[in-house]
Structure formats: structure tokens, C-alpha cells
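J.: Attaching a single structure in C-alpha cells format; questions to follow.
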């Protein structure tokens, strides 16, 4: 593709590049990456990139401009930090000056697979591999759409500059990811990491959509042969991607979705999967998606053969691959589904006290959605490993731009309107806490999900848990009944009672932030009772 000297709208942003490459094809991107020396080709033709110092997002460097049109809506917190208009203007000018007279890549596309509610977007970058990342991850326009595309939101990625004055500005570091919601612009500096662009647009959608009555969600979604849509929520390591990939169901998307008056839609046009310890036997879909046009990040490979070692975390545990969604065979086209019939919250309970599966009322679903619980195992200074609870509102607090209760309220309204069933699944430990309990085996978990999705679970007799107040089934066809009652699965019943109480108290303590001063969200009655 020949370089252009101007693309509509760039001059208005203050950008005057020497050359512009606009929505390149994959073959053209490949040539640019090679020519620029940005990537290495793996043994099977997949491009590999080293993202530099940053191999993950920089959550403490994410800011929103404190301006009148949005400051009353934003959830100002340890996740969304304030920055002044003056600081934004100073750094914006720095970004524009840095990028002007350079060769730039411009990606124009969309976020949101529903044409009625999608957001047009633009990403300007100096690196061909970042253009590649955007081409993989966002919705790619047709040639006809590209001609008339007027981007509503723009990301200017000046990853090659740093904010040396961050201390005077009262900011966290030289890195910055700043959103100006009134001007509909995001500027990025100091980090090359691709996920900043992906989650940047998600943060914008998490602001914009709920204000229009559309629920934005950090979840995966699939659809059955009868057109029944299911949503899977869960923090990292709970099995969200693995469990929503099902040979009998078509994938709508693996990470970001919206729920509007027509149903569910994918916000993205691609997948961004973790590849540490990737095994072709357990995750064949992801393994087979890693081919030409995919982009591997920070993986270790043999310098001679260029064969990737997925078991190595020498650079980072957060090794990733981005690829367009059509690299997965069993997908829903377009990436949309009807209103969900089922919602499944996944948690890895390292305390081993939650039932493998429980049924939730709408109020309980809102409670657990706001709690966003999972538990990890962290080493203490004595070398003893014990679980630590993690609560992340809406199963994705890091990306929630509005107050979490806004999303929970919308969830409850939509569940009620469309008669949606919700379940809480423990994909973690049963029969004991870490060191004693065993992880729920994948075949049992998959069988439970099958019984949820085909409705057979509702034929079971349910028992209410004395602490967590959730209803769990006594029997499920094809699943060992001994594990369904979490207390019975423990040898030491007193230890179970003590641990269940301890986790229940953690839920209650965490939920105080939503109950206090909120008439709408005093859902403490629907959480644990000690």
C-alpha cells in the first residue's frame, strides 16, 4: 500500500506525519513489521513481538480528566485517578509534537458488533505491530464502511515518550494513559503494551454504554444450537475462556460484551488469550488459532528454530496472543446472540468451602456480581502457602468507569425483564482448603455446566447453605454427589465450619462499601449470614 500524506481528521488533532499508512491488510502489516525490525516470525508463521519493559497494563497510571461533562459520573477511586485539564493539554501537546513528521499507522474500526449501538474508533500509533494488534482486536470495517467512517473516539499512542514531570504533576510514574471523555480522546505514553489500547476502549464503552441503558460486561459468551445464549463471568484463572469454549456451542466472544434491547453483542473483533503453559490437548482452539496473522507477545522461543516454548515465563507469566475471532472455528457470525437464558459466575475458591454449583436469586446474583470473588494462593514469608481472597467488582473492577452499583442495577433489571437464571460455580478446591482439598476436575465442571445449560439441574432437590445462603443441588447426573455438599466433602467438619465462617466474614466486610449510604444496594440480606 502506498503511503498517504493525509487522512481526514488528523490535522484537526494537530498531527502532521511524514507518511500515513491507513488500515493496512495483514500482508502489508507483515511487510512493515519486518522492514521496521519490530517482530520475529515463529516456526509456524506467527509474528512475535517483545513489548519492552511493560508486559502488562499499568493500572496505577490510568487517569481521567476532571471535567464538567463527566466528573459526576466517573467512579473516582484507586482505579480511576483524576488529572487536570492543564496537565492533559501539556501531555497532549507533547504526544502530538513527538508523532508529527514521523511515519504513522492509523487504524479505523469499531467497538461493538451491533451496528445500532457500536462506537467508531481510531488508533494512531508509530509501530506497525500496534496497528497489527488493533486490526486483530477491534472490529474491522468493510471497504465501504471505511470510506465514510468518522471516528467517535481516538487513541493517540505515543509509546516512545515519557512524562519526566510526573512528580510535579502529582502522577504515579513516567507512564500515562489519560482519557478526556469530553474531547473523546485517549493519550498513551511510556508503555508499548498492546492491552492498554484494548482495555482503553473497554473503559470508554464501560462509561458510554450504561448511560444509554446498555450493560457492558467483562465476560465471555456463547450460544447453543437452540439459540440459547449463556454468559460466563470470572476473574483470571477461574476457567472463563476454557469453559465458554464448547464444541456444542458457538462462541460469541471471550472477554468483553454488551447487553442491549436486542440481546448480547461482542464489543471486540478478536481474542487476547494467555498462552503460558498452553497445551494443545486441553486448549486446542487457542493453540490452532496461533498461526499467520496472529501476534504473540513476550513469548520465549528457540533463536535458531523459532519454535515457541509456551512453558517458559522467562520474560513474563503474562505471555499472550492476539488473533482475529475468525481464527476460532466454532464462532457465531456476526458476534451477537439473543437475551441470555443463563448467567454463570465462576470463582476459584482456594478456601474450598463454596459448593461446586449453587443457584442464585436475582438479588443474590447482584450481590455476587458486585462482590466479584475469587481466591488466590500466595506464599507467606515463612513459605506457608495460604489462600487470599480477591474481590473485584463486576468481575472486572479495573475497567469499570462508573460506580459498580450502576452495572449491578442494570444487571438486575435485565435479569428480571428477560427471566434469566444465575448460578455460582466453584472451579477451585473441594474437600479442604489449599494443601488438603483437590481442584474440581474439568470433566465434572463441564458436566455441571451442561446440566445448567440444558435445564436438567432444575430437576434436582436443592439445599440452602447455612452460611452463604445459596441453594445447591443434592444430586446432578454424572457428577459424584459426595462433592456437591461442600461440608460433607471435608473430613474435618469443625475446620470446614470455621473456614466457611471466615470467608463469609470477608464477603460481609467487602460488601460494606456498597451497603453504607446506599438505599438501593443494601443487599446484605442476600449475602452470607454468620
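Just so you know, glycine gets a Cβ as well, placed from its N, Cα and C.
Here Swiss-Prot flags 57, 193, 199, 320 as substrate binding site. Feature annotation from Swiss-Prot assigns Mn(2+) binding site to 199, 218, 255; the stated evidence is sequence analysis. The ATP binding site feature in Swiss-Prot is assigned to 199, 218, 234, 235, 236, 237, 238, 239, 240, 241, 242, 283, 320, 445; the stated evidence is sequence analysis.
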J.: What does the structure give for the C-alpha distance between residue 199 (substrate binding site) and residue 255 (Mn(2+) binding site)? Integer Å is fine.
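T.: Just about 10 Å between their Cα atoms.
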J.: Give me the count of other Cβ atoms within 10 A of the Cβ belonging to residue 234 (ATP binding site).
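T.: Neighbour count, Cβ to Cβ under the 10 Å cut-off: 25.
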J.: Are there any residues at least 6 positions away along the chain from residue 238 (ATP binding site) with a Cβ closer than 8 Å to its Cβ? List them or say none.
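T.: Correct list: 346, 347, 348, 374, 427, 428.
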J.: Max Cα-Cα distance in Å among 57, 193, 199, 320, the residues listed as binding substrate?
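T.: 14 Å is the greatest Cα spacing among the residues binding substrate.
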J.: Inside 10 Å of the Cβ of residue 236 (ATP binding site), count up the other Cβ atoms and send me the figure.
T.: 15
J.: How many neighbouring Cβ atoms, not counting its own, are there within 10 Å of the Cβ of residue 199 (substrate binding site)?
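T.: The Cβ of residue 199 (substrate binding site) has 23 Cβ neighbours within 10 Å.
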J.: Through the lens of DSSP with three states only, how would you label residue 236 (ATP binding site)?
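T.: Assignment for residue 236 (ATP binding site) reads coil.
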J.: Based on Cα distances to residue 320 (substrate binding site), point out the closest of the binding-site residues 218, 236, 240.
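T.: Given the candidates 218, 236, 240, the nearest one is 236.
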